[in-house]
Amino acid sequence: MAVIAKVIVDVPTMQTDQPYDYLVPEALVQAVQPGMRVVVNFGKGSREVVGMVVDLADAADFAGELKSIKAVIDLAPVMNQELLALSKWLAASTFAFWITCINTMLPAMLKANMEKIIVPIVHNEAVDAMFGDQSGLLFDQITDLAVMGQLMQWQQAGWVTTEYRLKKNQKVKKETLIKPLLNRPAYQAALATVKKNAVKQRELLEALMQWQDDADSPKLTSINKRFSRPQLNAAQEKGWLAFEQREIYRDPYPEMANQALTQPLTLTDSQAKVVASVSAAIHAASPTPFLLEGVTGSGKTEVYLQLMAEALRAGKTALMLVPEIALTPQMVNRVRGRFGAAVAVLHSGLSDGEKYDEWRRIERKEASIVVGARSAVFAPLENIGLLIMDEEHETSYKQEDNPRYHARDVLLHRARTHQAPVVLGSATPSLESRARAQKGVYTLLSLPERINQQPLPDVHIIDMRQAVESIQGDFSKELLDALQMRLERHEQSVLLLNRRGYSSFVMCRECGFVKTCPNCDISLTLHMDSHTLKCHYCGHEEPIPNVCPNCGSKKIRYYGTGTQKIEEQLAQYLPQARVLRMDVDTTKKKGAHARMLKQFGEQKADILLGTQMIAKGLDFPNVTLVGVINADTALGLPDFRASERTFQLLTQVSGRAGRADKPGHVIVQTYNPDHYAIQFARMHDYEGFYRQEMQLRHQGDYPPYYYTVKVTVSHEDANQAAKAAFSLGKQLQGALGSAIMLGPTPGAIARLKNRYYYQIVLKYKHEDRLLEMLHLMRDETQKSARQGFTIAFDREPQSFI
Ligand SMILES: Nc1ncnc2c1ncn2[C@@H]1O[C@H](COP(=O)(O)OP(=O)(O)OP(=O)(O)O)[C@@H](O)[C@H]1O
Ligand SMILES: [Zn+2]
Ligand SMILES: [Zn+2]
């Protein structure tokens, strides 16, 4: 009977979620499984394309003559059944194509420019006949399907394995082991034949006798000081030993390899309560979502660690998401510190090779805990017993490109599949999550106090409008005095420069001219280190002008406040202070971020000056002062979440102060001292902020009272973009029901990279017809792409500009 494979093809301009039918050739029938990638002929001209087998069937849906699968790319599935089903769900819930989701979920290494090699692991007659004296077979050179089918069966039997090697030689890493080939009597016999004065040879034979008793063969690198390579080669020729290659993983955290593991702390009463509730759900395999609302420094991390230990005790695995990990090396250290090699870490700071190795450790069940940033939510963990999202309010959990998913939704979905509880943790939960807890969709847990009854730091608001006379540069007198006092007491300070909605730009004082990007309608940002103006959207770069390009005046000045400028001011006002500046420029190099935090932790600096990236997660006991230079730059943004973001940022950064035995103090400089976001942050009153903000959201018909979708259309020609947007608007109008449509309006940045943008925002409660319409529109996008349009759908967009 024929076997039919349902294949989703990877053709950018011809996408559809409908799988195509292909015949599985006789030779591959035993081997092909869902989750394997294959090569098939597709469309007119029958060009070869890659596809993913999503299902197998006895009969075809397609009536015509079927083409056959040309070749397989994977000997074993690269996606298991759960992840395959997840990819399908993801496509439906994000308006992205299925294949886009599949590609997002696979590690880059599997897709990069690689060659695949089939390598024998077992030696027997059949295997040796196939491989001869070659160490492996280059996958692309296997053209015979029968051979391919054979190899796939061997892979399933554990006789061969597949290795990927980047074409530029970044292969699976190997080390060489010395394997003793004889037993003790045989070595004794050999020893008898060796001359008395051949000291080294005798020593080697003695050593080999030892090693053949040991469980592990020694590494070549560990003995190459004792025995030279020629000696070892000679011994190999005599048949005394063999060199054995073993695959090793790249370890992204080599410095942690031999550390002793940390022990669980004795929990406080409130921590113990939280752990008990979630543990019960772990053991009951109940997919309950918990919202853990715990003030800064309340010991959420210890709770996560003990819960993960509980999941392991239940014989299960655990998945923990953290905001972009480059930002929280401390968190990774704490998890690795507790669980050691059982932890796999996945984040964008790793090389493709490191990521791939971590991915394989998960897949081979060598790692039972995964910690990672957004995309780690797709880690191939099986038998998950607990899912955690730390700092659940963080916007970096939402992906800005296709598929535009929110990791929280994916996490909740996987929790249902695995029947496992979810813990969403934050000191400042997103309004969406807090509202769900209100409705009982999530179970609310709380840690209302800091560890050891430490008080939350007291927060002092400085009205910058009143302080004009005493202001030096960007500093109020209070802030400078407070910094000075910390220097005298040998305590540390954290200084936050709020960059959201803010940029340093160049403006002419005569005519008001602002230099903008020639490709995008936004002002260029000043970079003092390279002495250039840069566009943050398209990368355009040009020298800083000396005279105004518009009126010729020399009064062209730098406006705005960058971290570099603050650093210069500190050097001027507090010359004795040791300042560490942490921003996108100083943390570009791999590991720079972790290195700077380590330096700060070792008290090698007095002030940690930085942007948003220093606001959360840091736990340094000697920090007693937090200064916020500009609290309110984000409040002016045309975004209904502006207050929420400001409240979160102030609360998080305040939380860095006074975490150990010394009390903390926070100074916030602002031009809007009475704004409720700033006032509630001053009082550490999340619940108060939540209630007021919910009222405003209700009045404005905003989330969480409404769901939102943003549809964006762009084209190189402004008229075309507008026309398309209005025609989409008309189509949507018909399906609106009780939903609200805003727009079409030109995007807040109307032109970007020489394309013109229009957007439509839809607000709805339950609109099946509307969602159906959006799916239909998505299917049309490829036709429009051929006419130069891009159309993007963004569910629950994090930004409306
Ligand atoms: N039960 C405990 N006993 C003693 N110390 C504890 C306990 N639990 C946590 N701690 C310590 O308290 C400090 C704060 O805890 P942690 O960093 O986990 O707080 P957090 O709630 O994650 O804070 P944030 O939200 O500000 O990141 C840490 O130094 C931690 O080691
Ligand atoms: Zn001018
Ligand atoms: Zn630009």
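The backbone N, Cα and C atoms fix where each Cβ goes, glycine too.
Sequence annotations record features per position, and here TrEMBL assigns domain 'Helicase ATP-binding' to 281-447.
In three-state terms derived from DSSP, Cys548 (Zn(2+) 1 binding site) belongs to neither a helical nor a strand segment and is classed as coil. What TrEMBL records for Cys508, Cys511, Cys548, Cys551 is Zn(2+) 1 binding site.
Its Cβ taken as reference, Cys517 (Zn(2+) 2 binding site) is surrounded by 25 other Cβ atoms within 10 Å in the chains shown. According to DSSP, Cys517 (Zn(2+) 2 binding site) is assigned to coil rather than to any helix or strand. Residues or ranges marked as Zn(2+) 2 binding site by TrEMBL: Cys517, Cys520, Cys535, Cys538.
Per-residue confidence over the domain 'Helicase C-terminal' (543-697) averages out at a pLDDT of 86. The domain 'Helicase C-terminal' annotation in TrEMBL covers 543-697.
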Close-lying binding-site residues around ligand 2 among Cys511, Cys517, Cys535, where CB distance stays under 6 Å: Cys511
Annotated binding-site residues Cys508, Cys511, Cys517, Cys538, filtered by Cβ under 6 Å to ligand 3: Cys517, Cys538
Nearest of the binding-site residues (Cys517, Cys535, Cys538) to Cys548 (Zn(2+) 1 binding site) - Cα to Cα: Cys517
Pairwise Cα distance for Cys535 (Zn(2+) 2 binding site)/Cys508 (Zn(2+) 1 binding site) [Å, integer]: 18
Cα-to-Cα gap, Cys511 (Zn(2+) 1 binding site) vs Cys517 (Zn(2+) 2 binding site), nearest whole Å: 18
Euclidean distance between Cα atoms of Cys517 (Zn(2+) 2 binding site) and Cys508 (Zn(2+) 1 binding site), Å: 16
C-beta crowding around Cys548 (Zn(2+) 1 binding site), within 10 angstroms: 21
Cys551 (Zn(2+) 1 binding site) and Cys538 (Zn(2+) 2 binding site), distance between Cα atoms, whole Å: 27
